Amino acid sequence: MANVVVIGAQWGDEGKGKITDLLSKSADVVVRYQGGVNAGHTVVVNGQTLKLHLIPSGILYPDTECIIGSGTVIDPEVLIQELDQLKLLGVSTANLLISETAHVTMPYHRLIDRAAEELRGSHRIGTTGRGIGPTYADKSERTGIRILDLMDATTLQEQLRWAVNHKNVLLEKMYGLPPYDPAEIIAEYLTYAERLRPHVVDCSLKISDAVRRRRNILFEGAQGTLLDLDHGTYPYVTSSNPVAGGACVGAGVGPTMIDRVIGVAKAYTTRVGEGPFPTELTDQLGELLCDRGAEFGTTTGRKRRCGWFDAVIGRYAVRINGLDCLAITKLDVLDQLDEIKVCVAYEIDGERCEDFPNARRFARCQPIYETLPGWKQPTDHCRSLEDLPPQALNYLKFLAEIMEVPIAIVSLGAERHQTIIVEDPIHGPKRALLPASPVPVPKIA
């Protein structure tokens, strides 16, 4: 038995969907523990591309129980669209469960999200505009509407009338926008309630029962460590806790129930939206990474900013999450490069900094690089470490050494089979993967 958390070790978009999909084969239960439709993961199976925002990747395995936990915020309209999309592809959703205590995103949340971002002007934070922040704000203010409220028509009507009237004041007075008609929203969401009702349960009991029965549980995080509300690059963060500790709160399990934490990181770095990005490449090389990596957001379609691998934020993710191992994705994107740089430290006001700094200092960081040779040949066909070009293997060893954590999985493309499993990241021995000892890495002057 193993209870495993999968988290993003960068700014999100690391390829967690594919890794979770691979690991779901060994899982009895997959739990999404935070975030909402601001996250998106793409899974490719037999040439079919699935873009999901709320439903866990494990839905592709009919014997795997998939849970949307209480720490998430759910947009019912989007969730139903995903259910319909899966049905068209012949994927059963009978194994999907929705926590009755998860909060619900309303139309006014989306409108307020976009209006507030517009009002920030030059201080905008790069929100997706999907209403996530305002939904979590209502949760914190204890005025939010939960799934269990959605399931009771009388309660929903009472709460929505009050909520809509309250939000209309904000929309009209602060943002100069027209008010909502409570009756229209009530009618719309009562329809959603009937569609989702068969999936709604007390998920904390389901998860507790799975733990008691020693079933394999996979906790799936959205976004990434550097977008964490408390530990990320504030204020350019999300409104929840994607870090491993968030799994306990968002799923309703004790910390002693977690056996292993797996971090997912690209072989380079990307970021969407605003905020400092020390290793960002704004030249043709950045465009090359964007084109080869198809770096456009699953949720917003926005172009991602691209840069070299940043081991400083990587080590920070290892520390904050207690990572046991790493999955490195999109190694194949680097196949055409003559040389590859890795940020090993920062220079801040003339001083070397090897630890992740506070937000004010982070905005002044200049990267300090180590340069490694590229391999200039395709890797997407490789299925073992022995198949990799020596320079590619050296690059992975260097990342593992500088991050001080072993690499368990290497992804070389979007398809399931384009993967090297170094060792079973769920059942394999902890910290016994690549590399076992420091590895000398040739460098280009």
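Glycine is treated like the rest: Cβ placed from N, Cα and C.
The model shown is predicted, which means the values in this text are computed figures rather than measured ones.
Residue density at Thr42 (GTP binding site): 17 other Cβ atoms are found within 10 A of its Cβ, drawing on all protein chains shown. DSSP assigns Thr42 (GTP binding site) to a strand in the three-state reduction. What Swiss-Prot lists as GTP binding site is 12-18, 40-42, Arg304, 330-332, 411-413, and the listing cites sequence analysis.
In the three-state DSSP classification, Asp13 (active site, proton acceptor) falls within coil. Annotation comment: Swiss-Prot describes Asp13 as active site, proton acceptor.
The annotation Mg(2+) binding site is assigned in Swiss-Prot to Asp13, Gly40.
For Asn38 (IMP binding site), other Cβ atoms within 10 Å of its Cβ number 28. According to Swiss-Prot, the IMP binding site annotation covers Asp13, Glu14, Gly15, Lys16, Asn38, Ala39, Gly40, His41, Thr128, Arg142, Gln223, Thr238, Arg302, on the basis of sequence analysis.
Cβ contacts within 10 Å of His41 (active site, proton donor), excluding its own Cβ and spanning all protein chains shown: 26. Swiss-Prot lists His41 with the feature active site, proton donor.
Per Swiss-Prot, the feature substrate binding site maps to Thr298, Thr299, Thr300, Gly301, Arg302, Lys303, Arg304; the stated evidence is sequence analysis. Sequence-distant contacts (6 or more apart, same chain, Cβ under 8 Å) of Arg302 (IMP binding site) comprise Val272, Gly273, Phe296. Secondary structure at Arg302 (IMP binding site), as computed by DSSP, is coil.
If you measure from the Cα atom of Gly301 (substrate binding site) to that of Thr128 (IMP binding site), you get 10 Å.
Rounded to the nearest whole angstrom, the C-alpha distance between Leu331 (GTP binding site) and Gly40 (Mg(2+) binding site) is 21. You'll find the Cα of Gly15 (GTP binding site) roughly 7 Å from the Cα of His41 (active site, proton donor). Within 10 Å of its Cβ, the residue among the binding-site residues Lys18, Lys303, Arg304 with the fewest other Cβ atoms is Lys303. Here the binding-site residues are Gly12, Gly15, Gly40, and the one ringed by the most other CB atoms within 10 angstroms is Gly12. Within its own chain, Gln223 (IMP binding site) has Gly8, Trp11, Gly12, Gly35, Asn38, Ala39, Thr238, Ser240, Pro242 as residues 6 or more apart in sequence whose C-beta sits under 8 angstroms from its own.
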